[in-house]
Amino acid sequence: MQPKHQNRFNRTSLYKPTGEVVRHSEYPCRLNFYLRPPPVEISVEDFERFALDRLQVLKTIENATLRNKKADEFRREMDRVSSEHMRMRTGHTKEAMEDRKKDHVSHFILRLAYCRRYRFELESRKEKEAFLKSLDINWKVVSQEDKMNMKAELESCAIWTAKAAGMQNVKDFVENETYFEVEFEKVPDLIGRRSVLVRRGKAFVPMTEQISLVMDEFKARLSKALEATAKALPRMDEDERLKPVLLNVEKQYTGKDYGDVTNVTGKVKASEVDGLSQHFPLCMSNLHQSLRKDKHLKHGGRMQYGLFLKGIGLSVEEALVFWRKAFGNHTDDKFQKEYSYNIRHNYGLEGRRVNYAPYSCMKIIQSNQPSTGDHHGCPFRHFSAQSLEATLYKNKVGAPQVNEIVRLAKDRHYQLACTRYFEVSHPEMQSGQVGTIEHPNQYFDMSQGKVPDSDAMTTD
């Protein structure tokens, strides 16, 4: 896959000179395991556009999955985003071939793409069988004799699977279903749901549940391919055309860069912070309240909160005023000696003169865990369930929403819990309209209506 400067595909492998579609063996099905890089030339512009279009789809999948959307809601979301960014038309028309080529190319640009389950389940049985046959996967089919010997045990595991397949009679389902015998570690999700029989290290999987086997095979092959991709990265970095594009794609995925505060610095005064605190995410609200109560924060709290305030527009001069008043118990001399230097240091005016960026959610969640007496960190990650509950009730969150948010935090979906808290705190924003919160300053901007949510990524 080589970028080229012309803004078009090299279509020689897909179309005759007349424009007639050639039934090329590269794309016999809409499904793809991406076993080989696409033998195609594309422009640098298309290289970036394809990557960002695929990111939009993956972001939608992530949000819909974490929000446990119902099947019909999930389908509507996927139909909407796919029709706009990643269409996959049926048949062997010219447009369908271009759809499949874009899918192929964009996967290799975003080699870490992980979700094939939804696309597989949408296909017809005939399409699935043709796809699996093309992969030459060696799954052992259970003979009719062996199946009858295990019939009672298979029936006990097939009650819900049969109902999902639209069959009320479990005995008929087992008798007519094809079963595969595989190593049990290939289907942990089915074992967890007690949907398969496990005997002597083997799992007996009905064809109805073959998606789990397909996913396992895809992950295994993708893992090997990623090793090869990692080895190729040094050579890719040498291509001056691709390097800035790949960096831009990475930036698009991680959201807005709040490290550049030149556009906001000086817009917030020290005296305005209390009023603006109603727009703070829970982590910063907790730090603000602790500072007002104790007139002090430990180093971790000062770093996290100070850089956040820098990100919302507090200049270094106003920061010095804010912290001096906040630390009312300290003399001017003690404040200058113990705190002034660190504040200026955060703004790149002391030491190595590094202009530090406000912490993202992932940095807060993963680094510098708070200990006794600390107030920094992520409440959804570091508060106990009881403390989080009490805090949410104190902030006038209703009982059903408290239970939902605490459950999300317990399941380690910390950013989604924060996103749900944002939705509850901003009733004018309907559930599902807000993209996942990825940065405290993003929360602040969204609360003030300054920026669109994190789903609205740009390609600038």
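Including glycine, each Cβ sits where the backbone N, Cα and C put it.
Annotation source TrEMBL lists region 'Disordered' at 77-97.
The feature domain 'DNA primase large subunit C-terminal' is assigned by TrEMBL to 277-444.
The [4Fe-4S] cluster binding site annotation in TrEMBL covers Cys283, Cys361, Cys378, Cys418. Applying an 8 A CB threshold to same-chain residues 6+ apart, the list for Cys361 ([4Fe-4S] cluster binding site) reads Cys378, Tyr414, Gln415, Cys418, Ile437, Glu438, His439, Pro440. DSSP assigns Cys361 ([4Fe-4S] cluster binding site) to a helix in the three-state reduction.
According to DSSP, Cys378 ([4Fe-4S] cluster binding site) sits in a coil region rather than a helix or strand.
The residues near the [4Fe-4S] cluster site, meaning same-chain residues not in Cys283, Cys361, Cys378, Cys418 whose C-beta sits within 8 angstroms of the mean position of the site's C-beta atoms, are Pro281, Leu282, Ile364, Ile365, Pro379, Phe380, Arg381, Tyr414, Gln415, Ile437, Pro440, in sequence order. For Cys378 ([4Fe-4S] cluster binding site), other Cβ atoms within 10 Å of its Cβ number 26.
Secondary structure at Cys418 ([4Fe-4S] cluster binding site), as computed by DSSP, is helix.
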